[in-house]
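Colleague: Quick one: this structure, given as structure tokens, is what I'll be asking you about.
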Amino acid sequence: MNNKSHQNIRAVCAQAIFNVLEEGQSLSATLTALSYQIANKDKALVQEICFGVMRVLPELNFYIHSLMSKVLTGKNRILHYLLLVGIYQILYTRIPEHAAVGETVNAVNTLKKTQLKGLINGVLREFLRQQASLQQTFTQDSKQQNQQTLHPSWLLTRLKQAYPQQWQTIVNANNQKPPMWLRVNLNQYSVSEYQQLLVEQQIESDSFPELPSALRLLSPVGVNKLPYFDEGAVTVQDLSAQYAAYLLAPQNGEHILDMCAAPGGKTTHILEVAPKAQVLAVDIDPSRVKRIGENLARLKQQAEVKVGDGLTPENWCKGRSFDRILLDAPCSATGVIRRHPDIKWLRRDSDIAQLTELQHAILTNIWSYLKTGGTLVYATCSILPDENKLQIERFLQENTSAKLQGELKQFLPTENGGDGFFYAILKKHS
Ligand SMILES: C[S@@+](CC[C@H](N)C(=O)[O-])C[C@H]1O[C@@H](n2cnc3c(N)ncnc32)[C@H](O)[C@@H]1O
């Protein structure tokens with residue numbers, strides 16, 4: 001795309017946030033769709049603003065509701081989101097105030113609402129005048145206690161119930177920017193060898209003794225900065241997600257089903273651990289399935305890749321059976337809120353029961369394709385017991401051929417550590 005199609009980036013941010021909060025689109029998907037409007041040099045700032053607004057949304061809304069007697073609605077709703085973009089920059093970026101306000105006010109023209117330029121300018125300037133007292137009210141007023149957690153109340157209720165001692169730590173971890181973890185391809189480099197390559201690029205990292213492949217970068221970088229990324233030397237993958245392939249313990253020559261596999265983060269790890277395993281990777285979403293192929297190609301790995309529904313395996317794997325199955329089930333993603341803060345505003349309490357039923361149905365359908373003596377690893381990036389512990393307890397009660405191996409693993413998100421994740425290893429007996 002040429003530069004002419006690049007827009008005022010504050011306007012693009014307001015549009016992206018509108019698409020998430022009014023249209024229910026995921027932030028990553030909407031930013032991909034809008035990316036042709038954003039110059040490469042601006043991409044990091046757009047990400048920073050949009051993800052940041054999602055992270056602190058209740059705080060920004062509190063300021064706007066304090067400053068305006070009537071919030072913007074209807075055809076002018078997009079300007080409400082532009083105001084969030086403006087205030088976020090003032091509070092959370094190093095952009096000088098005058099530039100943050102000036103650029104945000106200019107975006108009103110791009111959004112073809114020129115008649116409201118004065119209003120947007122006025123609200124932002126009033127915010128600058130009242131900033132200190134508004135911030136104090138937000139952080140200290142006991143009426144704002146729920147809002148201060150920056151989480152929706154339905155999720156807070158569930159977290160408090162499940163983790164009466166830890167919910168605050170979870171909420172704090174969810175409100176941080178996520179660390180960037182790498183999975184080193186041990187077929188190419190040891191962790192210490194790759195760390196050395198990183199040092200040569202002035203990229204600092206920590207290793208993590210518990211997992212042989214994991215490295216945490218002290219500050220995130222674009223993948224184009226990672227040595228030999230295109231040659232498959234490393235994959236970007238959170239620490240907790242890296243347990244999946246080790247718990248599955250695939251062996252060369254075995255038949256493995258990677259169910260709900262897209263975009264293939266765990267498929268490629270399975271093949272790094274057992275390069276001669278016969279892997280079938282299946283996912284319901286054709287556009288995401290394409291990305292499994294791209295990831296396999298980067299790592300020069302072979303697998304059978306199919307679009308298929310976990311609810312109807314008879315349509316795509318009739319007559320086959322597997323030594324091991326990884327079911328990385330669709331879930332609330334409540335363990336990865338710090339990576340996808342839009343989840344807080346896209347999910348509804350009622351989604352949890354629906355997801356729990358979907359997970360149960362996929363697990364039950366897929367179980368009959370596991371050989372006797374085989375292993376199934378059930379995984380989610382959720383921290384809610386309904387999708388995890390209670391799900392597995394119900395399955396064990398209903399299926400006498402299933403036995404739990406080892407303990408259930410519920411990882412909670414930790415600051416600078418891994419995401420929230422859950423694993424259960426199930427063995428099939430006759
Ligand atoms: C947690 S993501 C998988 C991440 C992947 N395993 C990885 O490591 O890269 C869950 C996946 O489940 C897929 N999915 C949702 N419902 C499904 C269904 N009924 N059958 C198959 N896949 C489904 C989604 O398209 C999504 O890609």
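Each residue, glycine too, has its Cβ placed from N, Cα and C.
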Colleague: Please state which member of D283, D342 TrEMBL lists alongside C260, A261, A262, P263, G264, G265, K266, D309, D328 for binding S-adenosyl-L-methionine.
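Modeller: As annotated by TrEMBL, C260, A261, A262, P263, G264, G265, K266, D309, D328 share the S-adenosyl-L-methionine site with D283, chosen from D283, D342.
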Colleague: Quick one: give me the count of other CB atoms within 10 A of the CB of A262 (S-adenosyl-L-methionine binding site).
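Modeller: Excluding its own Cβ, A262 (S-adenosyl-L-methionine binding site) sees 24 Cβ atoms within 10 Å.
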Colleague: Please report the distance from the Cα of D309 (S-adenosyl-L-methionine binding site) to the Cα of C381 (active site, nucleophile), rounded to the nearest angstrom.
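Modeller: Per the Cα atoms, D309 (S-adenosyl-L-methionine binding site) and C381 (active site, nucleophile) stand 20 Å apart.
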Colleague: For a quick check of packing: other C-beta atoms within 10 Å of the C-beta of K266 (S-adenosyl-L-methionine binding site), how many?
Modeller: 23
Colleague: Please give the maximum pairwise Cα distance, in Å and rounded to a whole number, for the S-adenosyl-L-methionine-binding set C260, A261, A262, P263, G264, G265, K266, D283, D309, D328.
Modeller: 19
